[in-house]
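Asker: Please find one structure pasted underneath; my questions will follow.
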Amino acid sequence: ATYKVKLVTPDGPVEFDCPDDVYILDRAEEEGHDLPYSCRAGSCSSCAGKVTAGTVDQSDGNYLDDDQMAEGFVLTCVAYPQSDVTIETHKEEELTG
């Protein structure tokens with residue numbers, strides 16, 4: 001399946017289609033959008049965002065705890081869309097602050 005991903009960035013919102021077997025960060029880069037990242041392995045918070053609508057599968061990541069995920073935080077480098085999804089990007093400071 002392919003879903004609509006909307007990223008709400010500091011420069012404004014962007015939308016693109018993302019298959020359910022492609023990480024959101026990877027697809028965003030293919031579409032020409034620059035997002036923050038570091039490890040690309042779900043082991044840090046550089047790429048953190050916050051899901052405001054829809055669901056993702058980020059079971060490949062190990063940095064976020066259950067409480068953080070319950071609050072909607074997501075690591076875009078290890079997140080597959082599971083529905084149409086809206087994510088606020090650039091949330092590392094909010095996550096770690």
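Keep in mind that glycine also has a Cβ here, set from the backbone N, Cα and C atoms.
The model shown is predicted, which means the values in this text are computed figures rather than measured ones.
Below are the features listed in Swiss-Prot for this protein:
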BINDING   Cys39, Cys44, Cys47, Cys77  [2Fe-2S] cluster binding site
DOMAIN    3-93  domain '2Fe-2S ferredoxin-type'
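Tell me about the setting of these features in this model.
Answerer: With a 10 A radius on its CB, Cys39 ([2Fe-2S] cluster binding site) counts 15 other CB atoms from all the protein chains.
Sorting each residue of the domain '2Fe-2S ferredoxin-type' (3-93) by its DSSP state yields 17 helix, 32 strand, 42 coil.
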Asker: Taking the Cβ of Cys77 ([2Fe-2S] cluster binding site) as the centre, count every other Cβ atom within 10 Å, in any protein chain shown.
Answerer: 26
Asker: Please give the average pLDDT for the domain '2Fe-2S ferredoxin-type' (3-93) in this predicted model.
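Answerer: Mean pLDDT, the domain '2Fe-2S ferredoxin-type' (3-93): 98.
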Asker: Just going by other Cβ atoms within 10 Å, which of the binding-site residues Cys44, Cys47 has the emptiest spot?
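Answerer: Cys44, out of the binding-site residues Cys44, Cys47, has the fewest neighbouring Cβ atoms within 10 Å.
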